[in-house]
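Annotated features, as they stand in TrEMBL:
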- 67-122: domain 'P-type ATPase N-terminal' (DOMAIN)
- 98-117: transmembrane segment (TRANSMEM)
- 123-139: transmembrane segment (TRANSMEM)
- 321-342: transmembrane segment (TRANSMEM)
- 362-384: transmembrane segment (TRANSMEM)
- ASP432, LYS433, THR434, GLU736, PHE778, LYS802, ARG845, THR925, GLY926, ASP927, ARG1032, LYS1038, ASN1061, ASP1062: ATP binding site (BINDING)
- ASP432, THR434, ASP1058, ASP1062: Mg(2+) binding site (BINDING)
- ASP432: active site, 4-aspartylphosphate intermediate (ACT_SITE)
- 641-659: compositional bias 'Polar residues' (COMPBIAS)
- 641-671: region 'Disordered' (REGION)
- 662-671: compositional bias 'Basic and acidic residues' (COMPBIAS)
- 685-722: region 'Disordered' (REGION)
- 694-715: compositional bias 'Basic and acidic residues' (COMPBIAS)
- 1084-1327: domain 'P-type ATPase C-terminal' (DOMAIN)
- 1116-1135: transmembrane segment (TRANSMEM)
- 1147-1168: transmembrane segment (TRANSMEM)
- 1198-1219: transmembrane segment (TRANSMEM)
- 1225-1244: transmembrane segment (TRANSMEM)
- 1256-1280: transmembrane segment (TRANSMEM)
- 1300-1319: transmembrane segment (TRANSMEM)
Amino acid sequence: MERLHWVRHRCRTLLAGNPEGGWHSAPDDLPNKSFLDAHCSLHRVRGKRRSVFARHGPHRQEYDTFSKSYKGNAIRTTKYRLLTFIPMNLFQQFHRAANLYFLFLALLNWVPAVEAFQKEITMIPLLVVLAVIAIKDALEDYRRYLFDRKVNNNVARVFCGKQKAYNDQCWKDVRVGDFVRLSCNEIIPADMLLLYSSDPRGVCYIETANLDGETNLKQRQVVSDLPLQGEEFTPESFPSRIECENPNNDLSRFRGYMEHPSGVRVGLHNSNLLLRSCTIRNTETVVGIVVYAGHETKAMMNNSGPRYKRSQLEKRLNTDILWCVVLLIIMCLTSAVGHGLWLKNLKDPVFGVNTDTSPALAGFYVFWTMIIVLQVLIPISLYVSIEIVKLGQIYFIHNDLDLYNEQLDSRIQCRALNITEDLGQIQYLFSDKTGTLTENKMVFCRCSIYGVEYPHVENARRLEVYEAEKNKAADHSVTLRSGCSAKSRSCRSLSCNRSSVSLHTLTADSEEEDEQLSNQIQARTSAFCSRMAKEVVPDPELVRKLNWFSSPLKEASSGTPSSLELAYITDFFLALTICNSVVVSSPSQPRHVVPEARTPLKSLEEIKLMFQRFSFPPFSALSTFSPPQIRGSPRNFTSRLFTRGKTGSFSPTANNATDGSEPGRDNDMDTPKLRCILDFSAPGEGGNVAQVEDDIKKDDIKDAKTSPDGPRQEVEVDSDSDVDDELLYEAESPDEAALVHAARAYRCTLRGRSPESLLVDLPGIGSLAVQLLHILPFDSNRKRMSVVVRHPLTGQVVVYTKGADSVIMDLAETSKGAEQAQEFHSHIKDQSQKHLDSYAREGLRTLCIAKKALEEEEYEAWLKRHLLAESSIENREELLLDSAQRLETNLTLLGTTGIVDRLQEDVPETIEALQRAGIKVWVLTGDKQETAINIAYACKLLRPNDRLLTANCGSKDACAAFLKELKLEVQCGQDGLTEAPAAGAHGESSSGSVSSFILVIDGQTLDWALQEELKRDFLELSSRCKAVLCCRSTPLQKSEVVRLIRDQLGVMTLAVGDGANDVSMIQMADVGIGISGQEGMQAVMSSDFAISRFKHLSKLLLVHGHWCYSRLANMILYFFYKNVMYVNLLFWYQFVCGFSGSVMTNSWVLILFNLIFTSVPPLIYGILDQDMPAETLKGVPELYQAAQTSKIYVPHMFWITVLDAFYQSLVCFFIPYFALTGSDVGILSFGSPINASALFIILLHQVLESHTLTWIHGLVLLLSGGSYFGFVLLFSVSCVTCSPPTNPLGVETLQMSQPLFYIICAVTTFTALLPRMLFRAVYSTVHRTAALKSSHVEKVESENYRKRMQRWNLSHYRVNRLPVCADNPGLEPSTASVVS
């Protein structure tokens, strides 16, 4: 039923859109069509373009023509309007078949021939249900209306053509083509193309937290080739036309071009687009032109409404309702046939009978009358009750203190409200590794350069010390809301003079909190900058080699590295420094400012002379040095390793003087120099590093004395060093941050970034401005990123690349020169591969670093193709991918890195509990096979006695043969372990005494295994294994694996991940869980549930999942039971009234009995019942699997429930019938003890089925019984003509004054419930539940939990609330808000 609602919602959204609001083809007479435009024109489809002209400019006529079909900027997320609420809401509600069914019955009762009750009475159930749902919908829609009004009335400064100035306008009045001027901290009102920035480099920074939850800043750039940069922007003279793609929901893509009057076209990219709902940061002023407004913006198009999923329980429920319809039809047919036969055989009736109607026609009328009488067999209130129960269940899950992360001040989010019970039926769990099982807090651990491994022993010891410190300081944490959100925004905007209120204004914090958290806030302003990641201890041997750059020595010692090795080392660290998208800032400087380079350590001539003495080939190695002075890790240790160098500025103009001053780049392949070892020390000095340091210090002192500004320069050096210490790095991933901090530990510091250049400090040289030509960002296809830079000294174009070792190793060049050169490259690759394998076995994440030097002709040829790809509209992504792949070939492998990513707490215990619960855990990761295996061992997914099956095939045929071989091996192995399941049931498997098979498969083999021919073999093999590790898998492969298991095995699947690459897997699974970790909020926003730690899965599944399924399944069965039981009372009465459709009770009681008197107890039962204590379910995970094996809500349980209801209805009807036979009681007097007995039986049946009884249960049962007796007594004493043709006056008061009434009720109730009581007693005796065994433990844990909740509430009595984003109503205030 919900699916119909969702489909209707989507169809209405699509129909509401204007089909003409898409791409408009450019006029045919536009001049100077580019080659690409002409080439692609045949493939374009009309209606896929959008032309944008300035609203106030020279193209006013064109603007009026094209802008008619574009939507305004006002948004409306409400479903209804005030005047159309009632008809629209009724239209929606009658999409439910149950509501249509009861509407049909209400109309049917107006037909005189089949009328069963008063016409108004049959409307009551339908009206009550419709009214309750309408009130709920109205309140939700009113909340949306308030958010819409708040957003639409926000103010932005929009250019007015008449006044030639920017005026304040509401967001709702902004139109496509308007020029909007924004200042720092203002929120962007629509999707705008950036045309002007107050920054002279034409950049600005935006924060996308309102859009995707990410708090790190993104850089945006003014459209290239605009003659407006650096000048004041004049909108009235903007002459260009913008041609862009149709509005879409892809946040990472924007394609188009801007055509100037001269006919020149400039490509437009995602980096030129400012997205609605984002916030301007660290830029004084920006101006943009609106290209998408209102519901056509990317933010609004990503708002697809609520998530609708149908649980397995609901699918089963719909089937059983159809069975109820079948039962209803059988009962009505029985009554119709019985009435016809009764009339046919009736001789000389003593009472009035309509003999004019034939028995067949009378039977037909009775059939429809009985449909009305027995209508409550179909539970109209069941769907509403299920929604209420699920909301109650979610409330308790949401407020579970065990699922609360105190460090992040975040709790679980329940984003899909209708699949809570599926949490109790999970059979397969698919997990990502990085960020899901691990912390995703990357820390540089070790590296290999030039085939030489540097183990960083001291750094490893430091990690152990920090781990111990972390455990000691676990209790001290800063909440995400108070420590990061509101305050960090202000910290990030220190350079802005003007600030404005955010779209979602937060409650102001107290001054005391401001003072307490000020220092911690500054530390949190950059992502992935933990103390552990920043304080890297350098390797002494690597430091010794880098120290040779501190001064140009004349002679060499035996320990001096070769010039080629030094070139590799410096290139390696320069690549770590600049091959990233890290944004640099400091508390005193905004992110976009590149600080001025400081006074150079040496003049340009000195630098050239130094490299000549080193006999360096003119590598880009000249640009590869590390920063002058670094503080960070244990400072005393670092200061002992590094010599102190003087720093200063380097003039970019002087760099060009060296262009062409060096010979060609091919000299590095000169074989006589491959093993060249130079002597850098003076004769007799040896290779003593300490003596070198002393010499350098003496030189520094001498320079300081000879300089007239010596003392002042020393002060400046110290202050600069302090600034260095406070540099803040904001990275898009923790890997990037770890590598930049590692390079900084070796004095190679990234000090500033702009779109065109990077400022880098190099050891022994000082600050250099590195011209940034291109960034080729990381993508999942290439598995690498590259930067193209121009060397600051040689002017040579160099490509630096970092990426997965499986890719970089294949791209590394194989020298075609001399044999020694080939041996040299092969030696480096082989040694690096050994080190990579060693890192992977230790569980480290590995990356390879490489470079490539380009000739000018080669670069120019590539640049032409690349610019063509950038300016294209169709197939832009494919062309850019091809362009990047053409450049990233024949790379020179520089080295490798190993980064440690530690397991989250309690991951091994969680996986062990899940496996004991019968859940198969698969790990789908993009990491190396060795790394995945090591992590699997660490988290106890793999045990020492498990048999590892590794599938690494070179071809499809080999894969097919190998899968068959592995299948036979597993079958033979399992035949010899037939007793393993029995042993595992007693917990022996958890200790590792029973061996199992673990399949490990790499990405290429998995690709073949997922093909149609091999799919069945892979499925059979993997289903027989205890766990599967899929390594080097892509996001698409992850989703395909989940689909295969879900569809082919018909099992309930759950996928958990933390990054954007896990989104497809999360959406494919029956239940998707996102972890709000270090990689943004894409996984969370695509998930059904969001948690902060992997360990929370244990309680979420084993406890809450078990409870939710048990509660809801029992509640549904109880609903069927009470409806069938009560309806059968009316059916049995037909056997004594000639199947006439009469009833033995007044119609008001008949309608309200199931609607009101017995409707609340099952709701309380469905929300509060606990069949087993939480500690028992966590301590004995096997109970989770036992509940799956003996499922509560299955077909046979439905029929057992129906049979029980039949038995109880027989007892409830015939005991009063035989007790009152021969008496002179009337119809209503006969029905009075039957109704009362039915009420007692139904309520006490609920008590017998409940596992938990609290004062709430007692109160609800008391109110249910009291409401019934109060109503019938009031009805009996006051109503004379309320229920014609019967007269209930005095009936109930008379019956309740007689002892026989109470005797009948007592005997009937006891007899009806006796079989169920006996069954429960025998079952409890034979099968003592774990709940009885651990009742004492539960009491103790409950008391402890209650005290924890009290302490938590006291410490969180003041709460800052962040309202739901108006552009994204589905986005929960996840990690921001706190339980109130």
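The backbone N, Cα and C atoms fix where each Cβ goes, and this holds for glycine too.
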Do the transmembrane segment (1225-1244) and the transmembrane segment (123-139) share at least 3 Cβ pairs closer than 8 Å, excluding pairs fewer than 6 residues apart in sequence? no
Students should find that the Cα atoms of PHE778 (ATP binding site) and ASP1062 (Mg(2+) binding site) sit apart, in Å rounded to an integer, by 16
Please report, as numbers and ranges, the same-chain residues at least 6 past the borders of the transmembrane segment (1256-1280) whose CB is under 8 Å from any CB of it. 1146, 1148-1149, 1152-1153, 1156-1158, 1160-1161, 1164-1165, 1168, 1232, 1235-1236, 1239-1240, 1243, 1246-1247, 1250, 1287-1293, 1296
Given pairs 6 or more apart, does the transmembrane segment (98-117) have at least three Cβ pairs under 8 Å with the transmembrane segment (362-384)? yes
When neighbour density is defined as the number of other C-beta atoms within 10 angstroms of a residue's C-beta, which of the binding-site residues THR434, ASN1061 has the lowest density? ASN1061
Counting every protein chain shown, other Cβ atoms within 10 Å of the Cβ of PHE778 (ATP binding site) number 20
Considering only Cβ pairs under 8 Å, which range in 1116-1135, 1147-1168, 1198-1219 makes the most contacts with the transmembrane segment (123-139)? 1147-1168
Please compute the mean pLDDT of the model over the domain 'P-type ATPase N-terminal' (67-122). 82
Between C-alpha atoms, which of these binding-site residues comes nearest to ASP1062 (Mg(2+) binding site): ASP432, THR434, GLY926? ASP432
Count up the helix, strand and coil residues in the domain 'P-type ATPase N-terminal' (67-122) according to DSSP, in that order. 27 helix, 0 strand, 29 coil
How many other Cβ atoms are found within 10 Å of the Cβ atom of ARG1032 (ATP binding site), counting all protein chains shown? 23
Nearest-integer angstrom distance between the alpha carbons (Cα) of ARG1032 (ATP binding site) and ASP1058 (Mg(2+) binding site): 17
Of the binding-site residues listed here (THR434, ARG845, GLY926), which is spatially closest to ASP1058 (Mg(2+) binding site) when Cα positions are compared? THR434
